[in-house]
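Contents: one structure, followed by commentary.
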Number of protein chains: 2
Amino acid sequence: MSFDPDTLVYNEQGLIPVIAQDAGDHAVLMMAWMNAEAVRKTLETGRVTYWSRSRQAFWVKGESSGHVQELLELRVDCDSDCLLVLVRQTGPACHTNRRSCFYTAVRDGEPVEIMAPDE
Amino acid sequence: MSFDPDTLVYNEQGLIPVIAQDAGDHAVLMMAWMNAEAVRKTLETGRVTYWSRSRQAFWVKGESSGHVQELLELRVDCDSDCLLVLVRQTGPACHTNRRSCFYTAVRDGEPVEIMAPDE
């Protein structure tokens, strides 16, 4: 392919932030990181694959939980230093079993939980 | 307020990534960074205020361009290391005069521009 993941701008750890958005209702599900090889794997396999900073290993989203992210489209921002992946999400995206990781809103200065975990 | 921006998780540069999403149609507009003081200013003023890494200064979005972001809601992710701001965006969010910074899609391995600049 002529899109070359090596042309993206990575941080000192060789990582680029990735926003995952549900392609259906456009909810922002999570933010995680990829290195160039993870970008390549994601495009080649169609399964969103991050780089786990805590485990220092590839993280094929949903590989253990079953909560996979099927890649529908990958987008690059104007500075080539952030990615947006439009996905079909199976099950909750968050490890807390909530649909999205962004389940805490700040309302009137107070943190409020706006999303319950799936049953 | 009882939400304390100092409790968020910042990187080595004291910054946290922030995703800006249009509260109306849920388009992801851009990703930028805040430090704790920028989070505080954003909540206090209702005007989304980033930290410019290139200028090393506060960046009240739209202050020079007029393309302001009115904060409708700030959300925190499960690890407290990423923020989502739901905004009312005036004009284009991207410095290229496009509505969103994510105007390049990778389709069949090729980068494709999917959004034109505003007139």
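Cβ atoms are placed via backbone N, Cα and C, with glycine included.
Taking Cβ-Cβ distances under 8 Å and a sequence separation of 6 or more, the neighbours of B:D81 (Mg(2+) binding site) in its chain are B:L8, B:V9, B:Y10, B:I16, B:P17. Under the heading Mg(2+) binding site, TrEMBL lists B:D77, B:D79, B:D81.
The Zn(2+) binding site annotation in TrEMBL covers B:C78, B:C94, B:C101. Of all Cβ atoms in the protein chains displayed, 21 besides its own lie within 10 Å of the Cβ of B:C94 (Zn(2+) binding site). DSSP assigns B:C94 (Zn(2+) binding site) to coil, not to a helix or a strand.
For the domain 'Phosphoribosyl-AMP cyclohydrolase' (B:30-103), the mean pLDDT of the prediction comes to 97. Annotation source TrEMBL lists domain 'Phosphoribosyl-AMP cyclohydrolase' at B:30-103.
Shown are the binding-site residues B:D77, B:D79; of these, the residue with the fewest other Cβ atoms within 10 Å is B:D79. Sequence-distant contacts (6 or more apart, same chain, Cβ under 8 Å) of B:C78 (Zn(2+) binding site) do not exist in this structure.
A Cα-Cα distance of 22 Å separates B:D77 (Mg(2+) binding site) from B:C101 (Zn(2+) binding site).
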